[in-house]
Protein chains: 2
Amino acid sequence: MVVAEFVSELRARFGIEFKDLSILDEAFTHSSYANEHRELGISDNERLEFLGDAVLELTVSDYLYRKFPNLPEGELTRMRAAIVQTKSFSSFSREAHFDKYIKLGNGEEAAGARQRNTLLEDLFEAFCGALYLDQGRAAVIKFCQQVIFPHIDAGEFRGISDFKTALQENLQQDGNADIHYEEVSITGPGNARQFNIDVYVDDKLLGSGSGKSKKRAEQAAAKAALVGLGVIS
Amino acid sequence: MVVAEFVSELRARFGIEFKDLSILDEAFTHSSYANEHRELGISDNERLEFLGDAVLELTVSDYLYRKFPNLPEGELTRMRAAIVQTKSFSSFSREAHFDKYIKLGNGEEAAGARQRNTLLEDLFEAFCGALYLDQGRAAVIKFCQQVIFPHIDAGEFRGISDFKTALQENLQQDGNADIHYEEVSITGPGNARQFNIDVYVDDKLLGSGSGKSKKRAEQAAAKAALVGLGVIS
């Protein structure tokens, strides 16, 4: 069974109390441990990892969709991929101290598996799968608000891909700025149209951009403006 | 705006009534239409597709997880991939008559995009994203119960990969059968153990199987039993 110390830590740090501790235990059981202790008839965490992967995908997608209303689909997908990956999830796992509590077989323990990123990623997903089964998706969202979303809010995964939002944030540091985008022209044949757009702040032209949709052209114009302002190079 | 005929059809066939018709409209707006009618200032369905993709991934994963309690993670992942793909989603889209209602630009219409599988897949995802935003995940689950889950229940995506469940279903057609799995031996070195398992029905040996985990060995034994029974070859 899960150690009492971990149960206390989950309660104290995240306000999480599992109704069914056996499902939490399953999430922290690596296949190497289940195989070495077959007399216990326990399951490893791989099925929970399958479920948790999907729960996290939706939770992150929903957050990004609402947080970045101007971001085109391609950029949302790129950001989601940057968040939902081994490097990020293993670091969230460490942040939550999950590495302390995973149960490993002796061979894997000796091989240093406890700090292996792919193992910690799987563990993070399995924990979220278990939390979802035990308490529903709202509990997973609450957990992500503590562990994942602050990193998104800090801009860690944005690169500077949402140039419109970055421009707005930059200009509004000094009070209100009236930013507007104006279409200059549409060029190219019907099946390969190109939109050409200028961005103005308080009637001053800051940048021009082109793209195959209005949104992309606006992003390109905002990017040009950020370059002109020396925010990015 | 969405045509009244489609609103009626959604209500009559699926019991769905959107609170916000503009979000339904967005789901059925292809980028080629939005680009040709830029004076309308409308959004295409690509962001909703991003969200719907994740909603469907969780809805399908949750269903598979609960429906197949004996299936190992690898098989769940394989089945999910078989469901969450262009061929399946485009056929669900047609089944729901979505192809009739997508708004396309003239160029794309002329190019036959209305029956293009990738477009219909994206449309199916966008619709589910819109339904999720308008009415929450329960409404998406209900819709999937009508459009996706019956195909899963009919075994369309299973191949015969879950041999244990298939064996159970086969034997229990003729009333109750006492199926049990017995471990014969564990062979191989510690880091490459092989489990050897026999399956019995009412004390009659039906098959033997081996695998690197107990679950895999049981699946192999059940498969051998199904071959012996002439159910599969």
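The backbone N, Cα and C atoms fix where each Cβ goes, glycine too.
Within A:Glu46, A:Glu49, A:Glu57, A:Glu183, the residue that TrEMBL lists together with A:Asp122, A:Glu125 for binding Mg(2+) is A:Glu49. Recorded residues A:Asp122 (Mg(2+) binding site) and A:Asp53 (active site) have their alpha carbons 8 Å apart, per Cα-Cα distance. Straight-line distance linking the Cα atoms of A:Asp53 (active site) and A:Glu125 (active site), rounded to a whole number, equals 5 Å. Between the candidate recorded positions, A:Glu49, A:Glu125, the densest Cβ environment within 10 Å is the one around A:Glu125. Listed recorded positions A:Glu49, A:Asp122, A:Glu125 compared with chain B at a CB cut-off under 8 A give A:Glu49 as the close ones. Across the recorded positions listed here (A:Asp53, A:Asp122), the residue whose Cβ sits among the most other Cβ atoms within 10 Å is A:Asp122. Taking only the Cα positions, the spacing between A:Glu49 (Mg(2+) binding site) and A:Glu125 (active site) is 5 angstrom.
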